[in-house]
Amino acid sequence: MVVGLWDDEGDRTNCSAPPPAPPRTAAAPPPAPPRTADAAALIRAHNIWKNELVLGAVLPPAWREALPHAAQTWLRNCLLAAAICVLPGAAWIAAQALRGAPGAGPGGLSLLSRPSIHAQLLASFRAIPGVTLLPTAVEAAAEAGWTRAYARVSDASSPAAYVISLVIYMLAVEYGVYLVHRTMHSVPWLYKNVHCVHHAFNKEHTMSPFAGLAVHSADGIAQALPYALMLCVIPMHYITYEVLLGLSSLWGMSSGRKA
């Protein structure tokens with residue numbers, strides 16, 4: 001019996017069809033920009049790391065872990081603010097000692113005398129617990145996804161977008177600080193009861209880095225408020241925001257006290 005190519009209709013016996021090609025896998029789509037929840041989680045992890053780094057150096061682990069996260073953040077900000085005040089002051093004292101201590105001011109007090117330094121440090125330390133409340137609140141807002149902050153530089157759509165948003169942020173913040181400062185000088189009650197503390201150590205014989213944070217707490221919060229508000233409006237890299245805030249504190253120590 002001769003077997004043909006087809007035994008039954010539609011049933012090939014001697015000629016087999018090539019196996020079907022495997023389905024082509026679709027190319028993976030490009031990574032999407034990070035969701036707000038993702039950025040918030042990364043920012044919170046970054047803040048926890050800062051708390052562990054700073055508080056871990058001064059508190060036993062059990063004490064630190066017993067504090068709520070917000071309390072840890074506020075305490076860490078207080079310690080960093082104190083360091084920003086004390087460490088540049090110590091370096092300044094060393095530089096002054098190398099070139100000779102400045103002369104005495106009114107009342108016979110030298111700028112480097114212990115009473116003068118103690119007065120400046122006391123004024124700054126008195127302000128630190130209050131002025132650090134706003135940065136602590138901003139960190140909580142960023143962790144909750146209420147700001148436009150993103151966690152990584154690569155999260156910006158392009159390097160140009162990062163630079164442009166940074167420039168716009170800085171311009172908006174500087175204008176906001178100018179308006180706050182002008183208001184403090186324009187309203188007599190605010191100047192007398194709030195802003196005058198800012199000028200208590202702006203004379204040549206009283207001005208030093210130790211007095212850099214010697215402000216009324218309300219004044220310090222008001223002048224830092226543009227940094228917080230613009231972070232809710234303008235996309236901004238979170239660590240860049242932190243660096244700008246820290247540099248503004250150092251800048252205030254060197255020149256802002258004359259304003």
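Numbers here mean position along the shown chain, with the first residue as 1.
Cβ atoms here come from the backbone N, Cα and C positions, even for glycine.
Source: prediction; values computed, not measured.
Pulled from TrEMBL, these are the features on record:
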COMPBIAS  1-10  compositional bias 'Acidic residues'
COMPBIAS  17-34  compositional bias 'Pro residues'
DOMAIN    167-252  domain 'Fatty acid hydroxylase'
REGION    1-36  region 'Disordered'
TRANSMEM  74-95  transmembrane segment
TRANSMEM  160-180  transmembrane segment
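For the transmembrane segment (74-95), the residues of the chain that approach it from at least six positions outside its boundaries are 50-51, 54-55, 58, 67, 112, 117, 121, 124-125, 128-129, 131-133, 135-136, 208-210, 212-213, 246, 249-250, 253, judged by C-beta separation under 8 angstroms. The domain 'Fatty acid hydroxylase' (167-252): residue composition by secondary structure is 64 helix, 2 strand, 20 coil, according to DSSP. On the 0 to 100 pLDDT scale, the domain 'Fatty acid hydroxylase' (167-252) averages 89 in this prediction.
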